[in-house]
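A short worksheet on the structure shown next.
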Amino acid sequence: MLAPVNLTVLLAALIIGFAAETCEARLAPSPPSRVAIPIRRLAGQAESSLHPAIVTAQHVNRAHKRLAKLTGRAQPPTHDLVANIHRAVANLPPALQKRYTASEGFSPVDAAASVSNALAPANAPSFAHSVGLAIEGNDIGYVGDIMIGTPPRAFRMLMDSGSSDLWVGSESCSSDGSSDCGNHTFLGPMSSSSFKELTDTWSITYASGQVTGKLAQDNVAFGDLKLTNHVFGVAHNESSDYSANDIPLDGILGLGRKQLANQNTATMLDAMRQSGLIQQAIVSYKIPRLADQQNDGEITLGAMNPSKFTGSVVTFPNVNTQGFWEGAMGAFKVDGKDMGLVNRTGVLDTGTTLLVGPPADVKAIHAAIPGSRSTNGVDWIIPCTTTSVLSLSFGGQDWTVDARDLSFLPVDLANPKGDCTSAISGASPFGGATEWLVGDVFLKNVYLSTNADTNQISLARLS
């Protein structure tokens, strides 16, 4: 059974989010210089004592703050985020019951992972310039290892297409409310003979935390790609969002465009492009799904891995001028029915778990999903057994979302065929905005590639 809901604890913990925003069909580019890293899951803060509806509200708050950052709007006020938590608590159902049996319901693997937040390691990549992606919990985040220093040591990094800076914790790192930055891997002169700290300072504020520090030089390797004396950040102070022992990462590797960079130095991607290690500033993602039990997540630099996708590649312009990856969207469909939503854009963001859009759009989509309901028009419940298929249009083609991905967590973890919190949420602080934040709920269903040289986004169907 779930522990009783303690509102004081919830309000203290859950307002804080974890995060750091003309087409053609053609064959995939495959330049000879490329690198791939397996993506693996994160083991995040323990949420097992919280009701699944509250966990969903936490991720919604994170997404709302991230959408504000990605679209250049003011951050939602704290009282709105508090209201989201109050609303989730108030809407907890007094009794839970089964509704549909059309599918097998919520994956038991995902349910167990949502409690343990274990890190599911990735398979070792076989494609050049690649790093594996490990999976956090029930597909709530993804990390990969890069090597830094002399001797080289592995640093577990959040791979984030919605930021552009690289940083890891300093050996002298301190955190809010504590003397150190927890049980993580740190960088400095004691651990690396090639490390050199510079005098320039930097700071970054993400959707849910902040870090400050100095620039430094050291050797950085992404798979088989190696940069000598690369300049990046070491954090001397981290908020508890990053320093807590149960946060499964040592830093963040931003893979957005250089306009997002706060450190006033070449991004890792730009440095590799300028040094000739890769021929194009391409980043390609195969985001894994825990329920598939394939552990096949991967990031590749400089190319697309042809073993990860099938058919032609659809390429379309990036319409965002701030450095994020955003595409014009066409039709939204549920089970083939057009929802009539036009002139929308979507920020494709690997650092966001959910799909977040204007409340009216979200309401229209849920109205087409049998058994869905909401008491406020923002947060939704759907049957865990839903077989409805959502599709989003980018580049003139429809891209479907597996019905399993529409359910974020069961309202009652003991009843995986009952009600689930929806993975599609309305962004109430943004009123009539037309932007969507398109996170991993969608990205698990496509092969994503971004090209900073051409300022284009490519999608392909998974093999």
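Numbering starts at 1 and runs along the chain as displayed.
Each Cβ is built from the backbone N, Cα and C atoms, and glycine gets one as well.
These come from TrEMBL:
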- 1-25: signal peptide (SIGNAL)
- 142-460: domain 'Peptidase A1' (DOMAIN)
- Asp160: active site (ACT_SITE)
- Cys173-Cys181: disulfide bond (DISULFID)
- Asp349: active site (ACT_SITE)
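Looking only at the disulfide-bonded residues Cys173, Cys181, the densest Cβ neighbourhood within 10 Å occurs at Cys181. The Cα of Asp160 (active site) lies closest to that of Asp349, out of the recorded positions Cys173, Cys181, Asp349.
Mapped onto three states, the DSSP output places Cys173 (disulfide bond) in strand.
The active-site residues considered are Asp160, Asp349; of these, Asp160 has the fewest other C-beta atoms within 10 angstroms of its C-beta. Under the DSSP three-state reduction, Cys181 (disulfide bond) is assigned to coil, being neither helix nor strand. Across the structure, Cys173 (disulfide bond) and Asp349 (active site) place their CA atoms 28 angstrom apart. For the pair Asp349 (active site) and Cys181 (disulfide bond), the C-alpha distance works out to 27 angstrom.
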